[in-house]
Amino acid sequence: MPSANASRKGQEKPREIVDAAEDYAKERYGVSSMIQSQEKPDRVLVRVKDLTVQKADEVVWVRARVHTSRAKGKQCFLVLRQQQFNVQALVAVGDHASKQMVKFAANINKESIIDVEGIVRKVNQKIGSCTQQDVELHVQKIYVISLAEPRLPLQLDDAIRPEVEGEEDGRATVNQDTRLDNRIIDLRTSTSQAIFHLQSGICHLFRETLINKGFVEIQTPKIISAASEGGANVFTVSYFKSNAYLAQSPQLYKQMCICADFEKVFCIGPVFRAEDSNTHRHLTEFVGLDIEMAFNYHYHEVVEEIADTLVQIFKGLQERFQTEIQTVNKQFPCEPFKFLEPTLRLEYCEALAMLREAGVEMDDEEDLSTPNEKLLGRLVKEKYDTDFYVLDKYPLAVRPFYTMPDPRNPKQSNSYDMFMRGEEILSGAQRIHDPQLLTERALHHGIDLEKIKAYIDSFRFGAPPHAGGGIGLERVTMLFLGLHNVRQTSMFPRDPKRLTP
């Protein structure tokens, strides 16, 4: 006589057969075969951000990731995510969906990529958890394009949770090392997507503004034969039967282009610094936005051009990237970035006076420390209501050998830094374009002339007066958004302790 369990199993098998026979939607869901460019169907995929009430009652196809899923009775709610936008989708038993299809949808692993056909429906009550709050997608077909593994190294909801919320209610947040160790997942968050879309906008606006001003974009070598600028903080690489170095800066080549009569040049490219600095704002590799420009009579012509370029970038970001700014602010609240037109320019001696009035003891020829930079930023904000300003006329003693001395005050120089929220984002100067004076200044700094011979020689055939500077892209992004670590704005950051991924 068969056991009760055996009898039960015998009863279940016919039930499975019956369920399969009753699965009238079996052609409407499943796992697609791997896309190997076998065909090109006549199907238009709609972007999630375009799912608005204007598309109500339309049948659309969408490809997105499964952000979350929640089964409830005979229906399943999915949140479908595409970059920084998401929409709610509903799979419910009915004419187009069987209970097997609902179960299939509920069991799709998070982060899997799916194709969905559905009807856009206007909702009566806004869906606060989604960017597309006024509509949802009523699913008719659902196919898995790429299945994610069931165990994720981090949960995206945890990764976008503000730290304050995590501290208050004990919910999980994700620390920086975990994020960077699993950067591919971390970059999928709405915050990361917004950061790097905005960063792309900075590059675009930088290029657009300078081309409109008559600048020429150049490309400079990153593998060089000698330590650029005579500096020591360089990476050495094997170069066939000798050694070469990774460029600390494109400055030499920018200046050579000025000597070659290009007059106004800029470049966007990697910069390498072998500095063992484990701070919130230093990287060993970052993207430099570099400018060099010949001027007629005064280096302030260049200062004004660079400052205006940055102002145009700030304005462009505020006009074109409000969605991204608001997305980042949800996780990292910050006051809007403020700037003046024309840009505030203070002399170094004025900054010293403000700091001394605030109780800081500093010598006239002492450089600003990071804490004093931040304090000065707060003082400037209080007095002038701006987060962006130029500090001019630095002491000659704290600037590189190629910096032009101030002809009226031998202790000062024709050099400047630009600041955002109390942190330096650009360092620049009028360059010495006379080979004799350049040689004297190099000797004064104890630099081996043989190592910078090519640099000095580039000015021996007539060089126009010129000035320039270098901007750190990641630092500008960080400070514009009010973030607290440059690793958040470097897609795959490199610092003294990180060489992967």
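The backbone N, Cα and C atoms fix where each Cβ goes, and this holds for glycine too.
Since the structure is predicted, the reported quantities are computational estimates derived from the model, not experimental observations.
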Looking at 251-254, 459-462, 491-494, which stretch does Swiss-Prot describe as region 'Aspartate'?
251-254
ARG273, ALA274, GLU275, ARG281, HIS282, LEU283, GLY472, LEU473, GLU474, ARG475 bind ATP in Swiss-Prot, but which of GLU319, GLU324, GLU424, GLU440 does that record place at the same site?
GLU424
In this structure, which of the recorded positions LYS74, ARG273, HIS282, ARG431 has the fewest other Cβ atoms within 10 Å of its Cβ?
LYS74
Near SER427 (L-aspartate binding site), which residues of its own chain have a C-beta under 8 A away, given they sit six or more steps off in sequence?
SER415, TYR416, ASP417, GLY469, GLY470
By a three-class reduction of DSSP, ARG273 (L-aspartate binding site) is assigned coil
Overall pLDDT of the region 'Aspartate' (251-254), taken as the mean
94
Cβ neighbour count within 10 Å of LEU473 (ATP binding site)
21
Including all protein chains shown, what's the count of other C-beta atoms within 10 A of the C-beta of LYS374 (N6-acetyllysine)?
15
